[in-house]
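The active site, proton acceptor annotation in TrEMBL covers Asp15. The active site, proton donor feature in TrEMBL is assigned to Glu192.
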Amino acid sequence: MKYTNPVGDITDIGDPFVILVDDTYYLYATSMPGLGFKVWESNDLVDWEEKGLALDSSNPENRWGEGDFWAPEVIEYNEQFYMTYSARDRDGHLKIAVAKADNPLGPFINIAAPLFEREMSFIDGHIFIEDDKKYLYYVKDCSENIVDGIHMSQIYVQKMSDDFKSLKGEPKKILEPSQEWEGLENDWQWNEGPYVLKHKNKYYLTYSANVYSSSDYSIGYATADNPLGPWTKAAENPILEKDLDRGISGPGHNSFIHSKNGERLYIVYHTHTYPDFPGGNRNVNLDRAYFEAGKLKVDGPSREKQPYPNQ
């Protein structure tokens with residue numbers, strides 16, 4: 001069997017994140033920005049079925065967040081499921097929260113909302129766990145973060161508590177716009193949507209640059225020998241970018257997932273549903289990712305037929 005991107009007949013979403021639990025894949029995305037997050041279920045990463053709200057902010061136990069529910073991510077830890085997400089608080093700042101559930105379908109209930117209180121806005125929380133050490137990667141958002149007159153989104157990392165309810169130590173800035181493709185000529189600049197994976201004792205962090213509503217939204221990566229860095233951006237960035245001749249606009253804000261047999265790695269990302277009118281309406285894409293000579297590579301962005309993921 002073959003599939004083509006976009007997959008799942010899913011539109012009007014952003015920031016797709018996929019996990020595998022037992023024999024089933026679950027997809028979470030920015031999907032109900034005024035209310036919470038939908039969840040979808042699949043056996044093959046291609047055909048998806050919507051399963052309702054994983055997190056519902058109207059639930060009396062979730063009395064936090066006034067809107068702009070963005071970028072949900074879910075991890076499984078000790079047979080429990082933890083969701084990080086961003087939302088706007090009553091003071092108008094974007095903050096990161098953590099919610100917990102017994103089931104990947106939810107309901108997710110807040111356990112730290114917000115996770116931390118600081119001036120300015122913070123988004124795109126991503127948890128990475130290694131040797132039972134927990135790290136949170138997150139973004140100081142350009143809406144309020146102004147550096148030398150430039151509105152700039154920067155990526156930070158900080159250790160997390162064992163219960164995922166707080167942060168430890170001091171925040172460490174690890175990435176900010178610095179490569180030509182990241183729009184350095186603009187007054188607003190972005191490095192956002194961090195995702196970390198490890199391969200052969202090296203850490204790889206993917207991120208997105210430029211504004212999500214532009215066709216120039218693209219994905220790059222950096223490498224490090226330690227989760228805390230220092231991180232070095234790849235010279236060959238970006239690894240996913242627009243191809244308007246093939247109707248591909250704004251590939252970005254990705255996650256990674258393995259096939260069920262663990263043999264193949266896939267990158268999951270969004271593109272604009274209407275390339276001629278880029279904006280918040282986006283869809284889900286799936287392409288092969290792999291490592292070659294220490295570099296992270298992607299067979300995409302694709303619109304050609306390709307085999308269903310190896311089960």
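Positions of Cβ are set from backbone N, Cα and C atoms, glycine also.
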Identify which of the active-site residues Asp15, Glu192 has its Cβ surrounded by the largest number of other Cβ atoms within 10 Å, counting every protein chain shown. Asp15
How far is it from Glu192 (active site, proton donor) to Asp15 (active site, proton acceptor), counting Cα to Cα, in Å? 11
